[in-house]
Structures are given as C-alpha cells and as structure tokens.
Amino acid sequence: MMLSTEGREGFVVKVRGLPWSCSADEVMRFFSDCKIQNGTSGIRFIYTREGRPSGEAFVELESEEEVKLALKKDRETMGHRYVEVFKSNSVEMDWVLKHTGPNSPDTANDGFVRLRGLPFGCSKEEIVQFFSGLEIVPNGMTLPVDFQGRSTGEAFVQFASQEIAEKALKKHKERIGHRYIEIFKSSRAEVRTHYDPPRKLMAMQRPGPYDRPGAGRGYNSIGRGAGFERMRRGAYGGGYGGYDDYGGYNDGYGFGSDRFGRDLNYCFSGMSDHRYGDGGSSFQSTTGHCVHMRGLPYRATENDIYNFFSPLNPMRVHIEIGPDGRVTGEADVEFATHEDAVAAMAKDKANMQHRYVELFLNSTAGTSGGAYDHSYVELFLNSTAGASGGAYGSQMMGGMGLSNQSSYGGPASQQLSGGYGGGYGGQSSMSGYDQVLQENSSDYQSNLA
C-alpha cells in the first residue's frame, strides 16, 4: 500500500521560542490537547554546538488532525515566552538533528575550538604558548576583528586531531595574563561565519574622518571606512601572519586565503548604490531617507508596517525575503524626508504584535537617492543633519552605550544632528533614547521654520 505524502513525511511541528530551561514534560503540557507520538520521546530538542538548548524543538504527532490542533497553539505563551509553532516534516527534523548539537558531523571531527575573553592585543604566540604541548595545524588559527578592525576578544584554533581538541577544552577557565579564557567546541562552519562582516553596520558604514575624498582611500566605490582597510590588511601584522585578503591570513598560523575560498567581491557585494542588507538585497532607495527594521513578526505585512509608523506616512515598504524564499524578519522603509526618518526612530524598540522591533536610521540630511553614502547605525542615531564643512564628527557606535565617550557635544559640525547644543554628556546607557530622538526631531523642524 502506498503511503500518502503526509505519511511519508510524518506528522511533525517545529516549536520556537521555548524557555531555555524548558523540559519535555512542559512541552507535553503545552500540547495537552494533542496526541504526541511516543509521549516525551516524540519531543526532540535542538541544541547548539556547545550543547546548550537553542529554544527550539520538533514534536512528532500521531496524525494530520493532531498537527492542525498543534498549529492552533501558535503564539500562545509558555511561562512569559510567546511560542511559535510551524508545520514541519520528518525530513527537515532528521536533517536538523543530524547537523546540530555538539556531536554533529560539522563539529565532531574537525578539531576546532573557540576561545573567548582574550586580553586586548593578545597575540597568536601567546595562544600557542597557552596550548603548549598541543599540536595546532598549520594555518589553523585566526583572530576575528570587528568592522573597525579591532579584536573581538575571540579566537578560533584548529588542532591536529579531535582528541587533541578535547584536551584543549580542559584548559577552560585557565588564564592568559589576568584574564580567564573560556573554551568551547567549534567547527569550520562557525569560523566561516566570522568572515562575514556585521551585515547592517558594515554594509553602509559612514566614512571615517580620514576617508574624505583625496585622503588616499576613496569611498565612492564601496563606501567602507578605515576599519575595513585595517581588517583587510590585518590588524595583527606581526605574529604568524596578517590578512592578505578578507578570505584569511597569508601564512603561519593564519588561515590561508584559499582555505575558505572567500574574497572581497563576495564579502562586500551589495555595499554601494544605496543597497541595504545582504549583497542579494534588491531594495534601492529613491529618496535616500530610510529606516531599517529588524525583529518583525514573520507574518507581518506591509500594512502592519504602515500602521506601526502612523501618523507618519512612509513612501515605500520593502519586506526582505531570504534566498530560501522565506521572510527574514527585516524590512526597509523609505520616507520622503530626513526629518520623517528621524521622527520614525522614536518607534525604536516599540512592539509589533508580540515582538519588539529594532530600528536603524539610514538617512543623512540634504541627501537624495543619488547621494554617495548613508549612515547605517545600530541602536544609535548617527545623523549629521545640518553638518557643515564636510566633517562627519559623530562616530560609529555599536550597541554598547557611549564607549567611554564623556561628551557628545562640541562644534556644530560635530554635534548629534548638527547644532542642537548640549550633547549626551557622559550618558553611559541607552535610557532616554526615544526622548532624545523626539526632542531632536522637533528642534530640527523648528530650526528649519
């Protein structure tokens, strides 16, 4: 007898958003109206490479009717968490369970470990000394850097065998200098992901003060700041080799440029012509005044986004679609003016349905769709409205407060939104962010009047 398509693929749902401490019994209670195949044995949790819960699980049910009942539990709460429920199948479940977790083929036999908490400026020689007596393969060490070319405090090391890597893991919480070093299992795939630049910040980083035209490093072609050049040429010139390309290190303990087959054309694709997001993004601004959204509910529609920004009236909404044809939870929203884009930032961290949404300003006053660059700022307004003399003044900030910045005030060409006076004056957190945005927006409009 031929099995139906559903029978061959099984009766499976995927659950996302589970509390980290969630047990199989709690999942059973959540789906108490559904018949789970083989009880708790039909609940298959997904784990990270380090063996920690990922907050996701597959649940095998007894029939298609039970699947329909389970899907009705979508967006119900477990504790204080909203839980999402999706239809899945046994093929997806088997593949995911095989390729995730600490014992997956991607992690089990390649001898990689990841170090975290390295002292600032830690060299490869110090890491080799830390693992004295354990054989590291040639071209088997890398120290990732951020979008400004600074050390992230992490390192990836590949040992000659998985057995040696297991010995290396026993040095967890030992010291280099005064710092305790954390060591985790890793894989070549994880190392490869660290060669992708931070997507949103790097894709549209404002040029640094030394990147103005004629400074020897133009930004008209791909718009990268000095940090990109440091990353490309190698922030660790000494030791066992620096970067000779974005694909890796040239010799010694750095990864060879052919190890992962990466190149600058791939890593920096989609970084010019006002294209936002990944190199494959098709969105192109016509006004140059945009806000990027992240964390959207996966079922959010364009109308939901228009309503989110009400009473502002966006000109256009572009919901990002990934290469697999699914929404990414991100979108670009285009406004008619810089002032509207700034005012829209007051909605940063506001909720859409059950999700809070992060906003990133991508607009500069006085520019239009043909301008050469837009600021892409994460969690920090970095607009230069009214700036004069060609100075950018404001610095790229991550999501970590003001980074010991004691004052953001100064000359008009260097103040936030150019000439509002005052400044942040030692503020070390993001409290009051919405209020500052709203005040700046209204002040700017009154100044124009």
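Any Cβ shown, glycine's included, is placed from N, Cα and C.
The SUMO2 cross-link annotation in Swiss-Prot covers K35 (among others). Here the Cβ of K35 (SUMO2 cross-link) has 15 other Cβ atoms within 10 Å, regardless of which shown protein chain they belong to. Taken residue by residue with DSSP, K35 (SUMO2 cross-link) is part of neither helix nor strand, so it is coil.
Residue density at K87 (SUMO2 cross-link): 16 other Cβ atoms are found within 10 A of its Cβ, drawing on all protein chains shown. As annotated by Swiss-Prot, SUMO2 cross-link applies to K87 (among others).
Under the heading SUMO2 cross-link, Swiss-Prot lists K98 (among others), citing similarity to another entry as support. Of all Cβ atoms in the protein chains displayed, 12 besides its own lie within 10 Å of the Cβ of K98 (SUMO2 cross-link).
Positions annotated as domain 'RRM 3' by Swiss-Prot, on the basis of sequence analysis: 289-364.
Marked as N-acetylmethionine by Swiss-Prot: M1 (among others).
The N-acetylmethionine feature in Swiss-Prot is assigned to M2 (among others).
Residues annotated as region '2 X 16 AA Gly-rich approximate repeats' in Swiss-Prot: 234-433.
Annotated repeat '1-1' per Swiss-Prot: 234-249, in sequence order.
Confidence annotation: the repeat '2-1' (354-372) carries a mean pLDDT of 72 in the model. The feature repeat '2-1' is assigned by Swiss-Prot to 354-372.
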- Give me the Cα-Cα distance between K98 (SUMO2 cross-link) and K87 (SUMO2 cross-link), rounded to a whole Å. 19
- Item | Secondary structure composition of the domain 'RRM 3' (289-364) [DSSP: H/G/I, E/B, coil] | 17 helix, 30 strand, 29 coil
